[in-house]
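All remarks here apply to the structure that follows.
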Amino acid sequence: MKHQLVIVVDFGGQYNQLIARRVRDLNVYCEVVPYKKALDVIKEKQPIGIIFTGGPNSVYEENSPQIEKEIFELNIPILGMCYGMQLISKDFGGVVEKAKNREFGKTNAKISNQSSILKGMSDESIVWMSHTDFVSEKPEGFDIIQTTDSCPVAAIANEDKKIFAVQYHPEVNHTVEGKTLIKNFLYEICKADGDWTMENFLEEQIQKIRKTVGDKKVLLALSGGVDSSVCAALLSRAIGKNLTCVFVDHGLMRKNEGDEVEAAFKNDELNFVRVNAKDRFLNKLKGVSDPEQKRKIIGEEFIRVFEDEAKKIGSVDFLAQGTIYPDVIESGQGDASVIKSHHNVGGLPDVVDFKDLIEPLRDLFKDEVRRLGLELEMPEYLVYRQPFPGPGLGIRVMGEITEEKLEVLREADFIFRDEVAKAGIDKDINQYFAVITNNRTVGVMGDFRTYDYTLALRAVTTTDFMTADWARIPYEVLDKTSVRIINEVDHINRIVYDITSKPPATIEWE
């Protein structure tokens, strides 16, 4: 089934993937395309709508991202956001100027003229601004449909050409009626049918996997995390016993996790293999402290283990991975800069002894993966399991990985997760874990001086893992956690709580 498509044209802004997420939440499929490739892709795929994203540049800067004007003649509805609005305004004869002061944060937008894209919206509503340039004179043929106290041209519309633009960011939660505006664009202007659902995706992926694999064998790296678990369930539904799930116990798992994974997946519907590779991994990681190098080593050793298991199993043509959309984005695909190498993307060795990779989840955001898991009738405790990176505790141990650090971290992390669950806030926090730093500090226990590790606690709330806010855990929960860790875990004498959002920080420390 060919879905209706919206193309999100990427000009390099920080919220570009979030826009895609918002569109999909409204049951319309979309793809993100770099601006340099936009015209060719749009001509080829014939989307029902186009969205221009924000970006860090000024439209008048030399080498700033531009768009072929032919796109405006294709009779496809367009919505510009932030930089996208400035670009549309410039190309249609409006005036864009540098603001005296950057406008960043919440402001009140007032409707000045009615428009189809504002249907059902309040006369005044809170919007989120983040710009240094602004449109001082509207382009020819456009009406000003919203204003703010500091931005007289906050939104514009050309109803005849079906081109609309807003200076603010409707995709972020801070813009109170942003979802309504995007929905109006999709359904009132682009006439979307809303045919993007997990039920449809599941049916299509099963057929696609069967067509790709045929009667050949697939080897899946199963970590027990949400992504690989849903991937396993999907592949099992599609190809049954032609799937072998290999769980590599690399010695970098959380407390009791290896046994829990085996209990969950060792059944008659899957070929399940557990490999105890702890010594193999720790020997490779000995003396290594650079986080990128650790990720690469862990990623490569995973593949080597899979190759060894494949030889035991027999002819294996495909390696399957639970790669999801944020993994691809963070690993610097397209025009994005590399933030960190993801174990499912950047950590792959150049030579892999498999015919091909299968990544059936690579177009899905985390929340879509969970919805797919529920569609597959997976138990909720698996679908809502705490996210856990492929490199495991290897990237939650700062500096060199040692057995002592791993054991300390396992116990401390278990206590933190236990206290969060006891407080009944585990469903309110999207990810929470402990990190053992490479710093030792002076402390006092009883009458004795100590010189032990500092432990960090990290907890975030997020809807898509592309952006995240630090979780406001009650002080009493943090206090209970701290007291238990200090009393029950050796070699920890100081505990800190990470109050950094993403961006600027990533969720993991390494």
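Keep in mind that glycine also has a Cβ here, set from the backbone N, Cα and C atoms.
Swiss-Prot annotations:
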type     : residues                                               : note
ACT_SITE : Cys82                                                  : active site, nucleophile
ACT_SITE : His169                                                 : active site
ACT_SITE : Glu171                                                 : active site
BINDING  : Ser223, Gly224, Gly225, Val226, Asp227, Ser228, Ser229 : ATP binding site
DOMAIN   : 5-195                                                  : domain 'Glutamine amidotransferase type-1'
DOMAIN   : 196-385                                                : domain 'GMPS ATP-PPase'
Q: Would you list the other residues of this chain near ATP - those whose C-beta lies within 8 angstroms of the C-beta centroid of Ser223, Gly224, Gly225, Val226, Asp227, Ser228, Ser229 - in sequence order?
A: Leu222, Val230, Cys231, Ala232, Gly322, Arg385, Phe388
Q. What does DSSP say about Gly224 (ATP binding site): helix, strand or coil?
A. coil
Q.
When you rank Gly224, Gly225, Val226 by Cα distance to His169 (active site), which of the binding-site residues ends up on top as the closest?
A. Val226
Q: Would you mind reading off the Cα separation of Val226 (ATP binding site) from the residue listed as 'active site, nucleophile', to the nearest angstrom?
A: 35
Q: Express the distance between the Cα positions of Gly225 (ATP binding site) and the residue listed as 'active site, nucleophile' as a whole number of Å.
A: 37
Q.
As a test of the contact definition, list every same-chain residue at least 6 positions from Ser228 (ATP binding site) whose Cβ is closer than 8 Å to its Cβ.
A. Leu220, Ala221, Leu222, Gln321, Gly322
(Q) When you rank Cys82, Gly224, Asp227, Ser229 by Cα distance to Glu171 (active site), which of the recorded positions ends up on top as the closest? (A) Cys82
**Q.** Integer mean pLDDT for the domain 'GMPS ATP-PPase' (196-385)
**A.** 83
